[in-house]
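Accompanying notes for the structure given below.
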Amino acid sequence: MTVDIATVKRVAHLARIAVTEEEAASFQGEINAILGFAEQLNEVDVSAVEPLTSVVAQTMKMRDDVVTDGDYAAKVVQNAPASDDEFFMVPKVIE
Amino acid sequence: MTSANDLTSLTIAEIRDGLAAKAFSATELIKAYLGAMEAARALNAYIVETPEKALEMAAASDARIANGEQRPLEGVPIGVKDLFATEGVHTQAASHVLDGFKPPYESTVTANLWNDGAVMLGKLNMDEFAMGSSNETSYYGPVVNPWRKEGSNLPLVPGGSSGGSAAAVAARLCAGATATDTGGSIRQPAAFTGTVGIKPTYGRCSRWGIAAFASSLDQAGPIARTVRDAAILMKSMASVDPKDTTSVDLPVGDYEGAVGQSVKGLRIGIPREYRIDGMPAEIEALWQQGIAWLKDAGAEIVDITLPHTKYALPAYYIVAPAEASSNLARYDGVRYGLRVPGGDIAEMYENTRAAGFGHEVKRRILIGTYVLSAGYYDAYYVRAQKIRTLIKRDFDLAFAAGVDAVLTPATPSAAFGLEEMAVASPVEMYLNDVFTVTVNMAGLPGIAVPAGLDSSKLPLGLQLIGRPFEEETLFRLAQVVEDAAGRFAPARWW
């Protein structure tokens, strides 16, 4: 499988990364090289194989459903590019 | 008083003894390192130096020692990879997208080190978001390997992604460093710089507070100058952490106690699939030398087969970008780091991420987004995860047949030149990880240990791969290699 320029642009938009025409062309070649490299995975018969979900045989840990952290809103927003009164500020999203 | 040059040449074990015997103070030691760091800025190993913090921590260590309260890593100077959150100190994963980020919290691994008395010297350079094998994708510029080919001034890469960590340890700009390994990012730079690096079993070190690249593969570990030093650091870095649900509930081992123990009777597997096409004769010879050393030490050598080895790298380059595309979605200009304005919020995201991420990171996000998108998920991602099952099964079968560890070369070559791979296809660069990536795919522990020099007098390393949570076996075997090969340090030119 190979990707065309339109697909590269569509994927870049899905990933929310603005790309120029030159970048899209460069990514197209690189992505196709990597997808070409991955073609060899099709040689393997995986019909009876389960996908790996965890490398360690350990049951997912559960903890008590209690509050263990929090109550420091000022710390949460202290690195934000724009914040006001302990809220993150973003461009207007609702008309 | 010992000279500054002598102080920076001490191993962590020697620092521990020297401080206990009051041969020098932690403050003297830290000042010697701060001087060495200042003199070595041409290597670009540190992104940020934290001298005030280091001297403050050293003074606290001296007070502890005076009171007879020396902790296991008291006064030991440590460099921290920029991927680890350090409270109030620059933490950007060597990326522009985290511009100005200073976390109000500390990663579990670094907190463990400071609780044991270690001293932070600064934050170390790395490939952006740990994506790279040469430390050339950093927003802060490449790291230069302290090693050079004999009779050459050509700058070489230190490997990646933990290139700053490996270069700093080799150049004596810290006694040990934290690092992380997703596909070889501890072991490959360790091999390129003549240092010891161990990627522990997945789940042994907490990932809490480490910027995530590929969550099912990422694991923290130390880079140090000797096997014993790596064991000492590993003991402190490893823990059971309720803040990381993949942290495994097993007691941390006595790694240093394993160093120097006999390897008599251990069964060492030699996988035939690692004899790859075009492997340089020097790498093959190094591997045979390693086999001979372990045999001489009483280990039993057995040929084994790991038939799915060749599929590990292509499967990795589906799985890791898929996880990265998901993990890096959080960098959107809202909660931290860079923000580049746009006409609306979607444009703000797109502009921020376009300006904040470098080319390699963008490419991996795009591949990951593509292989997870509707219509391709089963063909790529699910298939790669099934192949991962087969890769892990290969190792499981070898271990079930009585193999205690596997010996392989660490890398297919010695360090290469800066920009030498600039015109290569991404796949060529990825081949650096051909011997290391299987270990991440199967979640196993792997250690790289220096084993010799090539014909240009550049260091080469061997890799030992162990059973899950049997890092002690790796330290025993790696010490045999170190005893036979000796230790390697670059001649100072910087």
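Note that Cβ sites are derived from N, Cα and C of the backbone, with glycine treated the same way.
Per TrEMBL, active site, charge relay system is recorded for B:Lys81, B:Ser161. Residues or ranges marked as active site, acyl-ester intermediate in TrEMBL: B:Ser185. The domain 'Amidase' feature in TrEMBL is assigned to B:28-474.
Counted within 10 Å of its Cβ, the other Cβ atoms near B:Ser185 (active site, acyl-ester intermediate) come to 37, all protein chains included. The most crowded of the active-site residues listed here (B:Lys81, B:Ser161) is B:Ser161, judged by how many other CB atoms sit within 10 Å of its own CB.
Here the residue listed as 'active site, acyl-ester intermediate' is positioned 11 angstrom away from B:Lys81 (active site, charge relay system), judged by their C-alpha atoms. Here the CA atom of B:Ser185 (active site, acyl-ester intermediate) lies 5 Å from the CA atom of B:Ser161 (active site, charge relay system). Averaged over the domain 'Amidase' (B:28-474), the predicted model reaches a pLDDT of 97. Taken residue by residue with DSSP, B:Ser161 (active site, charge relay system) is part of neither helix nor strand, so it is coil.
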